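Visitor: Take a look at the following structure, please.
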Amino acid sequence: MSIRTPPRLLELAGRSLLRDEALAISTLEELPTELFPPLFMEAFSRRHCEALKLMVQAWPFLRLPLGSLMKRPCPETFQAVLDGLDALLTHRVRLRRWKLQVLDLQDVSENFWMVWSEAMARRCLPNAMMNRKPLQDCPRMRGQQPLTVFIDLCLKNRTLDEYFTCLFLWVKQREGLVHLCCKKLKMLGMLFHNIRNILKTVNLDCIQEVEVNCNWTLPVLAEFTPYLGQMRNLRKLVLSDIDSRYISPEQKKEFVTQFTTQFLKLRCLQKLYMNSVSFLEGHLDQMLSCLKTSLNILAITNCVLLESDLKHLSKYPSIGQLKTLDLSGTRLANFSLVPLQVLLEKVAATLEYLDLDDCGIVDSQVNAILPALSRCFELTTFSFRGNPISTATLENLLCHTIRLNNLCLELYPAPRESYDVRGIVCRSRFAQLGAELMGRVRALREPERILFCTDYCPQCGNRSLYDLEVDRCCC
């Protein structure tokens with residue numbers, strides 16, 4: 001049975017302050033710095049709004065990390081924080097130790113405040129946590145505005161919730177005093193009309209990561225593209241489920257041109273994810289030619305490409321230093337894989353993650369990529385599931401990974417011989433072939449983690465795995 005440490009005298013004295021209706025800002029100025037985090041938590045959780053307002057005005061650190069306390073935001077407590085900031089911004093209070101420069105509404109670890117409070121009590125909190133320099137966090141901060149608000153936006157409802165509505169209105173009314181910095185923007189379901197209003201409020205060149213997964217049509221994406229081009233510090237772009245059906249070829253060409261030319265302005269882009277994006281077919285070269293930076297990650301998944309698109313992959317210097325290449329779910333059946341071989345040769349010195357799951361690659365195509373694959377010495381993860389290849393081809397593939405000493409995870413398809421004429425996996429045969437293949441691998445090298453996987457089960461949607469024994473699917 002654990003015994004709770006009794007509160008220290010200083011903590012008890014601090015809590016009594018929160019119950020003092022006549023609490024004055026001058027009293028808080030004399031409060032030891034170490035008491036501010038635990039007392040702020042107490043005031044926030046118990047909704048002592050007047051005390052919160054005063055504590056914000058007397059906050060002795062550069063940054064107020066409010067985000068982790070906003071899991072279940074209370075409008076009254078949030079408004080009290082804003083009222084305290086107003087008093088500072090309008091100089092209604094004069095403080096000897098006004099340090100607060102950043103209101104941080106980003107989502108940090110839930111136990112951040114608890115760890116912070118305990119560390120403060122032990123006098124061991126690193127200065128980097130207490131007084132992290134805000135100038136390092138936002139390229140737009142140059143001391144022009146006294147307060148910066150950091151926020152990550154996830155727009156998944158049709159309209160903004162009360163908390164965001166209150167914040168945006170507050171920022172808009174204090175133009176010139178408050179800089180709103182959004183680094184991460186996720187659009188997962190909101191109507192674009194409402195998204196547009198938000199994009200007009202935030203500083204677009206602060207945004208570093210964008211995810212779009214709203215089932216947009218290509219014309220809606222075209223409406224978004226002018227805003228994308230203003231995100232000059234963008235490092236990561238995720239684009240999913242863009243539908244280009246029901247528009248003429250002329251319109252499609254026009255919209256694709258509008259979108260791809262924005263990449264000319266994105267000179268910090270490092271990670272590009274395109275999932276189920278139908279307009280790439282026949283237009284991949286148009287996008288790649290506009291990339292002006294070297295990507296670390298390129299993911300083109302569940303897309304339809306032409307063979308000519310695959311040929312363009314190895315042409316452009318922007319993908320010559322890839323660490324991650326993910327083409328999973330993009331059908332490459334009946335394509336020549338020589339262009340993929342050329343690309344693998346080009347990125348062999350840097351590639352760490354290669355995913356070719358469910359590409360429809362067959363025996364006759366595999367040999368083309370084996371020489372280049374065997375020279376990807378930095379590879380740590382290789383996934384090749386869902387490709388219908390024979391036992392002999394799979395053995396040949398495994399032999400070409402002998403010298404890849406950095407491999408930590410390998411995922412291979414169950415051999416074609418594991419299935420009956422109806423395409424249903426025969427578990428006993430799969431187990432036998434899995435054991436034989438594992439034995440041959442271990443005779444050549446000691447793999448760290450290797451799995452043989454069946455196709456997806458039509459009943460449960462999972463794969464069966466072989467890792468020394470068969471792990472059945474869930475149905």
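Just so you know, glycine gets a Cβ as well, placed from its N, Cα and C.
When I checked Swiss-Prot for this same protein, it listed these features:
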type: REPEAT; residues: 97-124; note: repeat 'LRR 1'
type: REPEAT; residues: 179-203; note: repeat 'LRR 2'
type: REPEAT; residues: 204-230; note: repeat 'LRR 3'
type: REPEAT; residues: 231-265; note: repeat 'LRR 4'
type: REPEAT; residues: 266-291; note: repeat 'LRR 5'
type: REPEAT; residues: 292-323; note: repeat 'LRR 6'
type: REPEAT; residues: 324-342; note: repeat 'LRR 7'
type: REPEAT; residues: 348-375; note: repeat 'LRR 8'
type: REPEAT; residues: 376-400; note: repeat 'LRR 9'
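Please go over these features one by one and say how buried each is and what sits next to it.
Guide: Counting residues of the repeat 'LRR 2' (179-203) by DSSP class, helix then strand then coil, yields 8 helix, 9 strand, 8 coil.
Taken through DSSP, the repeat 'LRR 3' (204-230) splits into 15 helix, 5 strand, 7 coil.
Sequence-distant neighbours of the repeat 'LRR 4' (231-265) (same chain, 6+ residues past either end, Cβ-Cβ under 8 Å): 139, 204-219, 221-222, 225, 271-279, 283, 286-287, 289-292.
Note on the repeat 'LRR 5' (266-291): residues 208, 218, 228-229, 231-245, 252, 255-257, 259-260, 297-306, 308-309, 312-313, 315-316, 318-319, 326 of its chain, located 6 or more positions outside it, place their CB under 8 angstroms from a CB of the stretch.
Same-chain residues lying 6+ beyond the ends of the repeat 'LRR 6' (292-323) with a Cβ under 8 Å from its Cβ atoms: 263-264, 266-278, 280-285, 329-332, 334-337, 339-340, 342-343, 346-347, 350-353.
Long-range contacts of the repeat 'LRR 7' (324-342) within the same chain, counting only residues at least 6 positions beyond its ends with a Cβ under 8 Å from a Cβ of the stretch, are 273, 296-305, 307, 310-311, 313-314, 351-362, 365-366, 368-369, 371-372, 383.
Across the repeat 'LRR 8' (348-375), DSSP classifies residues as 8 helix, 3 strand, 17 coil.
Shown for the repeat 'LRR 9' (376-400): DSSP residue counts in helix, strand and coil, namely 9 helix, 3 strand, 13 coil.
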Visitor: Counting only residues 6 or more past its boundaries, what in the same chain has a CB within less than 8 Å of a CB in the repeat 'LRR 2' (179-203)?
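Guide: Distal contacts: 106, 137-138, 140-141, 144-145, 147-160, 168, 171-172, 209-214, 216, 220, 223-224, 227.
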Visitor: Per-residue pLDDT averaged over the repeat 'LRR 6' (292-323) comes to what?
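Guide: A mean pLDDT of 94 is what the model gives the repeat 'LRR 6' (292-323).
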